[in-house]
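For reference, Swiss-Prot has these:
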- Gly112, Leu131, Gly132, Asp133, Phe134, Ile135, Leu136: S-adenosyl-L-methionine binding site (BINDING)
Amino acid sequence: MAFRIDILTLFPDMFNIFNHSIMGKALEKDIININTINIRDFTEDKHKKVDDYPYGGGAGMVMSLQPIVDSLKRVKESNRGKVIFLGPRGKTFSHEMAKELSKEEELIFLCGHYEGIDERCYDYIDLEISLGDFILTGGEMACIPIVDSICRLIPGVLGKNESFMEESFYEGLLEYPHYTRPENFKGKEVPKILLSGHHENIRKWRKSKSLKITKKRRPDLFKKYNLTKEDEKLLSSEE
C-alpha cells in the first residue's frame, strides 16, 4: 500500500514540484501518494474568503476556522493519519523526526498563511512543526522540504537503502566528501585512497572525514555522537 500524504493548502500548484525527479518516480510507482486539498473549496463564504480581520486588532489577516475544520473533516474520512501543522511555534524539524514520521502509513499536513490560523484550529491538530527560528511567507514553503525528507526514507523511494544510510545525519554525523571524474582538474586531484580499490581503507577514510567534518562544523552534533574506539583512532589519525 502506498504511503499516503494529504496536504491542505490555499496554493495546491506549489506542490507540483513533487511530480519531478525521485519523488515523481516514487509517485509513478505508487510507492507514495500525495494529494493536495484546496482549503478554499470548503469555505461557506459566498466570496470564497478564507481569512478575516483578527479580533482585538493588529496587522494582517487570520485564516478562518470554518474552512480549515471542514476540509480536515473531509480528509479524515479516508485518512486516519496525524494532522501536522507547519508553524513557527512548533517543534524544530530534524532527521530523527523524519525517521519517526516515515514509519507512519498516512499523514495530513495543514499549511497556514497570512498571520496564521484561528487558535481554535489547534484542537484539531496533533503536531506542530517548525523548520527553524525564521519566518516564511506560508506553510507551503516549510511543507515541501519536510514531506521530501520523510518520503525519501520510505523503502523503495531512493532504490537502495544505502543511498540514505550513508548520508548526513543518518548516523548522527555529517557526510564524507564525494568526488567524480575527472581524476585531476587543473591540479585539483581526487584523494589517492579513493582510487586504490581497497574497500576497508576507503571506509575508514570516509568515516574519518565524516567525524572530523562534524567535529569542526557541527560541534553540537558531535557532542551527541557516541564514539567507538575505532572512531577515536580515526580522529587522531593524520591524513
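Along the chain as shown, residues are numbered 1 onward.
Keep in mind that glycine also has a Cβ here, set from the backbone N, Cα and C atoms.
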Residues near Leu131 (S-adenosyl-L-methionine binding site) in space but at least six apart in sequence (CB under 8 A): Leu86, Thr92, Phe93, Ala142, Pro145, Ile146
Maximal Cα-Cα distance (Å) across residues annotated as binding S-adenosyl-L-methionine, namely Gly112, Leu131, Gly132, Asp133, Phe134, Ile135, Leu136: 16
Packing count at Leu136 (S-adenosyl-L-methionine binding site) (other Cβ atoms within 10 Å of its Cβ): 17
Position of peak Cβ density within 10 Å, selected from the binding-site residues Gly112, Gly132: Gly112
